[in-house]
Amino acid sequence: VMGGNHTQTKFVLLGITDSPRAQTLLFGLFLLIYVVTLVGNIGIIVLVWVVPSLHTPMYFFLTHFSFAEVCYSTVISPKMLADLLSENKTISFAGCAMQFHFFAFFATAECHLLAAMAYDRYVAICNPLLYMTVISSHARWRLVALSYLLAFLSAAIYTSCTFGGSFCGPNRIDHFFCDISPVLKLVCSDTRSSEVAIFAFVIINTVGTSTIILVSYTCILRAVLRTRLTQSRSRAFHTCTSHLTAVSLFYGTIFFMYLQPVSSHGSLDKVASIVYTVVTPMLNPFIYSLRNKEVKGALVRFRRRMLN
């Protein structure tokens, strides 16, 4: 994947802040967030696996989503936490490219899985009689496999465009992980064609999937507003709004980061990056599962079984 005649063998990550006190505070905060992320997401995977009542298409997609979240935060957080405590914040050229590749892979997979989850809810609420036929076991696996395949191809393109140039000058990356714009700023050769290719694929992946999500939820809300039952109406409305909140947070920060030219990136980048690499993976288990009755019931039954 790596083209170019790179003379750099390693990079220095400048991290989030220079202040030792702030670094210690952030270490504590991010460690807590990372632990909550792991416990929440792995907890969902285990719960869906052991509780038969959760063996439905919706939770099938949710386990894959949680798996992607765990991998995605693990690509970023441990290195970021280690750097907050150490003087030596270096990363090898290959390590940097690998970190970025896996980050891009899991982030793109999440976009496609979110679209699959929205489509699943759309079929369940708008065409309930066709649900088991449309979202069959075969269809589910195909949607998930397609999500991972598209993510793999996109990540390969992003990585070769970002790390394919020649790195002959400075090696200090002004960020806490290896991301597109701070790495491209260090390339000595012309990066315009790489930027255009990256931009095109980001558009396809993010605008494509967010359109599917918005259309699905618009149809769901219209169907919900037509129902006579106030209770089911408010419950569906509640679910839709919490899902859309999570989606807007994730996509909003991603659009902010990747749909602007490399030259116009500034000081807000690190804040935006913290939102989608650290904060949303922690919030998602609560938004997508711990607030609904099925999961709460399953947790209670699981706890009883463990205690007995």
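Glycine residues also receive a Cβ, built from the backbone N, Cα and C atoms like all the rest.
Summarising the annotation, TrEMBL assigns domain 'G-protein coupled receptors family 1 profile' to 40-288.
Per TrEMBL, transmembrane segment is recorded for 25-52 (among others).
Under the heading transmembrane segment, TrEMBL lists 113-131 (among others).
According to TrEMBL, the feature transmembrane segment maps to 143-167 (among others).
Annotation comment: TrEMBL describes 196-224 (among others) as transmembrane segment. Long-range Cβ contacts of the transmembrane segment (196-224) within its own chain (Cβ-Cβ under 8 Å, at least 6 residues beyond either end) map to 108, 111-112, 114-115, 118-119, 121-122, 125-126, 150, 154, 157-158, 161-162, 180, 232-233, 236-237, 240, 243-244, 247, 251, 254-255, 258-259.
Counting residues 6+ beyond its ends, the transmembrane segment (236-259) has Cβ neighbours under 8 Å at 107, 110-111, 114, 117-118, 121, 125, 179-181, 198-199, 202-203, 206, 210, 213, 217, 220-221, 224, 227, 268-269, 272-273, 275-276, 279-280, 283-284, 287-288, 291-292 in the same chain. Among the features that TrEMBL reports, transmembrane segment is placed at 236-259 (among others).
Panel annotation: around the transmembrane segment (271-290), residues 16, 30, 33-34, 36-37, 40-41, 43-44, 62, 65-66, 69-70, 72-73, 76-77, 80, 103, 107, 117, 175-177, 179, 242-243, 245-246, 249-250, 253-254, 256-257, 296 of the same chain, lying at least six beyond its termini, place a Cβ under 8 Å from a Cβ of the stretch. According to TrEMBL, the transmembrane segment annotation covers 271-290 (among others).
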Within the predicted model, mean pLDDT of the domain 'G-protein coupled receptors family 1 profile' (40-288): 89
